[in-house]
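Beneath this line is the structure, given in structure tokens, with notes to follow.
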Amino acid sequence: MAEGRGPVVALVPAAGQGVRLGENKPKAFVDLGGTTMLTRAVDGLLQSGAVDRVVVIVPEELVESTRSLLPGHVTVVAGGSERTGSVRAGLAVADDAEYVLVHDAARALTPPSLIARVVAELRCGRRAVIPVLPVADTIKTVDVLGAVTGTPERSELRAVQTPQGFTAELLRRAYAAADGIATDDAGLVERLGERVRSIVGEPTAFKITTPLDLVLARALVEEGAH
């Protein structure tokens, strides 16, 4: 596979309201060890040594306050109320990118080494790369009434993390073809019939979504794990 040397731009959609988290503020701005989740997520990208530029996408009313939180070389732009619109807004200011990472601000403790591994796969010629972990629980499919309709084979299931990495050309094409709202960028790429490569993720790259997640994240920070 040909080795790519072009710029890597990381997009960080940060418009989530954090309703399930139980905090009275956007999720990305919740305190985590004396700083925000967003700041920690951006720091991880920068510390990886694999990212050339970071673009953070927030609601329009938070653009200026977000800029004051982050290093001056981080680009902050206004995005949509949903993830899809935010990623599109980020892509619009990433014209220089050969590769694009899309990273959840709520995965604030993602190790820089995982980010670097995703980029390494892209530079080795992969067009779409996602970190994953095996699923510990048995998963059921259910209908609208809650009746169980099936039990997928657990050995074939994986929980997907971020950053998800793509060639910029492929991700732009996937978003151009997208209709409606998507929660997973790789899913849009799959719709094009493209192959998505998975690599082993990291337990600490979990998404901070519930109050219990936040307790765990704060405990890890307090213990010096991050």
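Glycine residues also receive a Cβ, built from the backbone N, Cα and C atoms like all the rest.
Annotated features in Swiss-Prot:
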type	residues	note
SITE	Arg20	site 'Transition state stabilizer'
SITE	Lys27	site 'Transition state stabilizer'
SITE	Arg154	site 'Positions MEP for the nucleophilic attack'
SITE	Lys207	site 'Positions MEP for the nucleophilic attack'
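Structure with Swiss-Prot features highlighted.
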| residue | record | DSSP class |
| --- | --- | --- |
| Lys27 | site 'Transition state stabilizer' | helix |
| Arg154 | site 'Positions MEP for the nucleophilic attack' | helix |
| Lys207 | site 'Positions MEP for the nucleophilic attack' | coil |
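Look at the recorded sites Lys27, Arg154, Lys207 and count other Cβ atoms within 10 Å of each Cβ; Arg154 has the fewest. Rounded to a whole number, the C-alpha distance linking Arg154 (site 'Positions MEP for the nucleophilic attack') with Lys207 (site 'Positions MEP for the nucleophilic attack') is 21 angstrom.
Lys27 (site 'Transition state stabilizer') and Lys207 (site 'Positions MEP for the nucleophilic attack') are 11 Å apart (CA-CA, integer value).
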